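*Asks:* Pulled from Swiss-Prot, these are the listed features:
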type: DISULFID; residues: C88-C165; note: disulfide bond
type: CARBOHYD; residues: N3; note: N-linked glycosylation site
type: TOPO_DOM; residues: 43-49; note: topological domain 'Cytoplasmic'
type: TOPO_DOM; residues: 111-130; note: topological domain 'Cytoplasmic'
type: TOPO_DOM; residues: 204-220; note: topological domain 'Cytoplasmic'
type: TOPO_DOM; residues: 282-346; note: topological domain 'Cytoplasmic'
type: TRANSMEM; residues: 22-42; note: transmembrane segment
type: TRANSMEM; residues: 50-70; note: transmembrane segment
type: TRANSMEM; residues: 90-110; note: transmembrane segment
type: TRANSMEM; residues: 131-151; note: transmembrane segment
type: TRANSMEM; residues: 183-203; note: transmembrane segment
type: TRANSMEM; residues: 221-241; note: transmembrane segment
type: TRANSMEM; residues: 262-281; note: transmembrane segment
Amino acid sequence: MYNGSCCRIEGDTISQVMPPLLIVAFVLGALGNGVALCGFCFHMKTWKPSTVYLFNLAVADFLLMICLPFRTDYYLRRRHWAFGDIPCRVGLFTLAMNRAGSIVFLTVVAADRYFKVVHPHHAVNTISTRVAAGIVCTLWALVILGTVYLLLENHLCVQETAVSCESFIMESANGWHDIMFQLEFFMPLGIILFCSFKIVWSLRRRQQLARQARMKKATRFIMVVAIVFITCYLPSVSARLYFLWTVPSSACDPSVHGALHITLSFTYMNSMLDPLVYYFSSPSFPKFYNKLKICSLKPKQPGHSKTQRPEEMPISNLGRRSCISVANSFQSQSDGQWDPHIVEWH
């Protein structure tokens, strides 16, 4: 621990605003990504490179969600960290690693769609699932190398009434952490915007009556990727850039401090919104979700014999039996139907 001049702003509203935001992000993000992971693990028989990228995006988002209860507890205690030095380092590292991983794989998904739409005959489109898995492992290694410094530094700051655990220093620039924070936004932003523009432009040039529906689906998908990315990451990057531009006059400024904390919560909401990417990635994903919803809404009435004939069974039992048959039919069709590509390019 160190006793540096950490910012401690009394009477601020951060501790009141952050817990509800993080709780909402945790509940919706864990639910959405949990359902997505179940779909990948139990209803996906044929894996393709794009499937591998989307699966790792869901893994990064789900792991980030696991960290949010600890940050919620931190804010509920008025920014007092009660778990010690090592858990603080591990928590901040896990948050940064999975946030960066989510950005990387969201960018890879956009780039993968770019090659399939704009350059359908490029060699990138013929790589095997094993090669895609190797690419994923390399990307995870780079992400870990870029964030491992958070494990090597002490982030606790002891004050009179609390012990803070923050990855950002609000008194001055933060060196490598600020560099990584900016790079992991602006580089992917350039790639995603480029891919979005080229996909939309290419599809509009090739627009034909028979392809209009596919064009709309592909355009909608890439626009969802771009909107989710910009909405979740631009506010926090802008807040940090404003601080760096105005420091030292903005050091420990309550409004600047509060803006950074609140906009950082938007980056966690990226993991809550990424299920929209899965939803628009394939027509089979909405079908999977709807079938789960239908089966969960069917009432259960125990106590009926298993040997009942269909004409003697209550409607609710017939509904349950139909749900089981629907689920089995979905699983048997998943080989060919749950393709994570929106469009089939010939």
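Backbone N, Cα and C define each Cβ position, glycine as well.
Please situate the listed features within the shown structure.
*Replies:* All protein chains included, C165 (disulfide bond) registers 24 other Cβ atoms within 10 Å of its own Cβ.
The topological domain 'Cytoplasmic' (111-130) scores a mean pLDDT of 92 in the predicted structure.
Non-local neighbours of the transmembrane segment (183-203) in the same chain are 99-100, 103-104, 106-107, 110-111, 113-114, 117-118, 146, 211, 215, 218-219, 222-223, 225-226, 229-230, 233-234, 237; each lies 6+ residues outside the stretch with a CB under 8 Å from one of its CB atoms.
Taking Cβ pairs closer than 8 Å, the transmembrane segment (221-241) reaches residues 103, 106, 109-110, 113, 168, 178, 181-182, 185-186, 188-189, 192-193, 195-196, 199-200, 256, 259-260, 263-264, 266-267, 269-270, 273-274, 276-277, 280-281, 342 in its own chain, all 6 or more past its ends.
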*Asks:* Could you give the number of helix, strand and coil residues in the topological domain 'Cytoplasmic' (111-130) as assigned by DSSP?
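*Replies:* Looking at the topological domain 'Cytoplasmic' (111-130) with DSSP, the answer is 14 helix, 0 strand, 6 coil.
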*Asks:* Take the topological domain 'Cytoplasmic' (111-130) and find every residue of the same chain, 6 or more past its ends, with a Cβ under 8 Å from one of its Cβ atoms.
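*Replies:* Cβ under 8 Å, 6 or more out: 47-53, 191, 194-195, 198-199, 202-203, 218, 221-222, 225, 341-343, 345.
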